Structure formats: C-alpha cells, structure tokens
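S.K.: According to TrEMBL, the protein carries these features:
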TRANSMEM  28-51  transmembrane segment
TRANSMEM  63-88  transmembrane segment
TRANSMEM  108-127  transmembrane segment
TRANSMEM  139-163  transmembrane segment
TRANSMEM  175-194  transmembrane segment
TRANSMEM  201-219  transmembrane segment
TRANSMEM  251-273  transmembrane segment
TRANSMEM  326-347  transmembrane segment
TRANSMEM  354-373  transmembrane segment
TRANSMEM  385-411  transmembrane segment
TRANSMEM  423-442  transmembrane segment
Amino acid sequence: MEETRTIDFFDRTFHLSENNTNIKQECLAGLTTFVSMAYILFVNPSVLGVAGMDKGAVFTATALSAIIGCFLMGILANYPIAIAPGLGDNAFFTYSVVLAMGIPWQKAMAGVFVASVLFTILSFLKVREIVINAIPKDLKYAMAAGIGIFISFVGLQGGGIIVSSKSSLVELGSLTVPTTWITIFGIFLIAILMVKKVPGAIFIGLVATTLLGLLTGLVKMPDHLISMAPSLEPTFGVGIKFLPTMTDPKMWAVVLIFLLVAFFDTAGTLVGLAQEAGLMKDNKMPRIGRALMADSLSMLGGAVMGTTPTSAYVESSAGIAVGGKTGLTAIVTGTLFILSMAFSPLLEVVTTQVTAAALIVVGVLMVSALKDIECDKFEIALPSFLVAIGIPLTYNISYGIAFGFLTYPILMVAAGRRKEVNVVMWSMFFVFIALLYILNILPK
C-alpha cells in the first residue's frame, strides 16, 4: 500500500506515465548522468585552486551548487538535465581574470556575484531569451568551440605536454617527466572509452588514471578516504564582502563576459538536450523560462558559496540515452552529489596531471560546434574564426569574443546584409569597443 502511494506520488509530481517512463528507469538515468559528470567535483577545485582558492571549500561549493541546480531543474522545469559549475567559466575566472588581468580571486568572485544577480533578474524578466535569440547562431557555435580549444590548451599545459618557450611561445614538453605520461595515459583511456560509448567515460578515466598514479608512486595516497565535507568558510560570502571593489572599470568587463558566456552556454545545451530527449514542441522548448530560472538561481547560490557560474551539462545526454525523460532524473543526480560530499579526501590524489586529461577531452567535445558554422560565407567565417582562435591565443575569453562581435556587423554590411544585423548586435559592437578600451588601453 505504502509502495503504491510512493509510486503514485512520483507519477503525479513528475508525470512519469505521461512521459512513458518509470521510477526505475529514471533512477538509472540519474545515476548514469552523475557518473558522467562527477569529474567536475575534482576538476573545478583543481582549476580554481590555481587562482589561489581553497580547494576543499571549492569542492563543497561545487557539490552544493550542483545539488541546488539539479533539484531546481527537476522540481521547477521537470527536465532530466543536470546543472553544475561550468568548465568554461572556471577557466575564464582563473586564467583570464585572476592570472592574466592580475585581479585577486576575492575581487573576481565579487564580479561573479554581480553577474549572478543580473543573470537572475534578466531571466525573471525573460530578457535572456530575447538576447540569446538575437545573437547569430554561428557566433554562438564559435564561442563554444573557442572555449573548448582554450580548455584543451589549459589541459595540455597542466599535463606538461605543452610548455612555454622563449623562441616559439610554446613547445612540446619533456617526455622524460613521469607525471606527463599519467596525462597521456588518461587521454588515450578516456578517448577509447568515448569511442566505445561507455557511460561515464571521463569519470572512469579519472579513476583509472588516479589508480595508475598511486600504483606507480607518482601520486600519494591520502590518510583516509571518507570525511566530513570541507568547510565553506574560506570562500563563503567572499563575493558579497568584496562588492565595494566593483568600482574598478575592469570589473565591469569581467561581469559582461561572465554574463555572455553564461547566457549562451546553458541555453544552447538546454535546447540540444531537449531535442535529443524528444521534448521539443513546434521547434520550441516548453518551460524554458523555468529551466533558465533554475540555472540562474543555482548560479547565484554558487556565487555566494564560492564557485564560478553553473550551467546545464551536456553529459545529461548520457542519462537521456538510457531513458531519462523527467525531472526525477535530475533529482537522483542531485541526491548522488549529496552522497559524494563525503569523499573530499580524494582531492589529494586527483592531481593536475590527472584532471588535465578530462579538460582536454571536454575541450574536444566543445570544438565539435565548429561543424555547424557556415564557413562558405566569408562574412560569417572570419568573425567565427576570430572568436574560436582568439580565445586560446590571447588566453582570454573576452578578447576572443570581442574580435568576432566587432568584425561581424562590419562584414555583414560590406556583404550587403545590413538588415540581418539587429539592434542587439550593434549594441554589442559598441559595448565591446568599450570593453577593449577598459581591458587593454585604460590600464596603460
């Protein structure tokens, strides 16, 4: 009797029968999605740790923001889509803002908080949907690809495969360094698992690569495997505390880029996953407003706790592939993130060389967006190329995006396609002129 009531409750709440699914199928899908994206628990602290942030606190903030995001997505939007801190955002935070621009991580976190507040307001007012629709799809694809190349480049550097060079900027690293081979092993293993379409390939690859490091003595075993989740104290509320520093003009540019990256990242992933799950109706995604609000609120929560913006995870496709169709899948994934918080000691064994392989492979997945760009039309090909190549070569996501948004309107006018350049794009043209002035000329 009690079991029947439980089944009826889940059926009514998540419309299981209506979507031709059941509790067992949704639980399997949630588990599959979690295994596919669990790597972020270790990769995010690794990346943000380079910026000087406490890895333990970031681990907890990562898990909590994923829990919030998954539960909100499941309850508000009833979609089988998981949310967690995005790799593109944390790479921009660490390598572009903190290291390249010399902004302390505490100050940069204030920028993340402001962007999160604006993001939530824009989502509530549905402005986010309007802006997303106004940006040419080719530039969106180029942004995804450029961030992908950037992430892969960071991974190659972290693994020691690519190193700096005085004569040629970069060169092949020494293959006599033992830890470099840990990264190489991880790349090949994850790639083989991906080719074999094994669910959770990246996570499995991280585990196997870590075990190799332990067996060879290149990675030290932690004193214990399970413990209470690390304290959030080193990062909690830092973004709010440093709000007075937002008077710096450079921080306005930082907020703008966080908004842009977050704007397109989740929206593109949501639509793609909805198409894969067969949830689209009349070429539109039902309840997209609720889905975007779930993303915005989790981003805001993450900013308060001390992590970079969240986004919908493309790894949710793994859960969808095994039958996930409702928000119960996301709820199960969020529940597993709760359980994962007890394994923070593993942060000591998941080294930069181990996570480098995951960064490289995720970058490859993002670069696949290039195939959808209309490269036969030069007025589209050049701006898209400048975005994709500008991000990794300048080591700054904001510069790469600026290159594309500045050249696109000019070339479209030259090609006799002026009417296709909308008000939003012209507005962005002038915004990016101001952004380049603030980031590059004003400091001089």
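Our numbering is plain: 1 for the first residue shown, then up by one each step along the chain.
Glycine is treated like the rest: Cβ placed from N, Cα and C.
Keep in mind it's a predicted model, so treat the numbers as computed, not measured.
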S.K.: May I ask you to check whether the transmembrane segment (385-411) and the transmembrane segment (139-163) make contact, with contact taken as at least three Cβ pairs under 8 Å and only pairs 6 or more apart in sequence counted?
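M.R.: Output yes: the transmembrane segment (385-411) sits against the transmembrane segment (139-163).
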S.K.: Below 8 Å between Cβ atoms, which of the listed ranges 108-127, 139-163, 175-194, 326-347, 423-442 makes the most pairs with the transmembrane segment (28-51)?
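M.R.: By the under-8 Å Cβ criterion, the transmembrane segment (28-51) pairs most with 326-347.
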S.K.: Can we call the transmembrane segment (326-347) and the transmembrane segment (63-88) in contact, meaning three or more C-beta pairs below 8 angstroms at a sequence separation of 6+?
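M.R.: Yes, since the transmembrane segment (326-347) and the transmembrane segment (63-88) share at least 3 Cβ pairs closer than 8 Å, they count as touching.
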S.K.: Three or more CB pairs closer than 8 Å, sequence separation of 6 or more: does that hold for the transmembrane segment (139-163) against the transmembrane segment (108-127)?
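M.R.: Output no: the transmembrane segment (139-163) is apart from the transmembrane segment (108-127).
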S.K.: Which sequence-distant residues neighbour the transmembrane segment (108-127)? Criterion: at least 6 residues beyond either end, Cβ under 8 Å.
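M.R.: Here the qualifying positions are 51, 93, 97-98, 235, 238-243, 245-246, 251, 254-255, 258-259, 262-263, 289, 292-293, 295-297, 299-300, 302-304, 306, 308-309.
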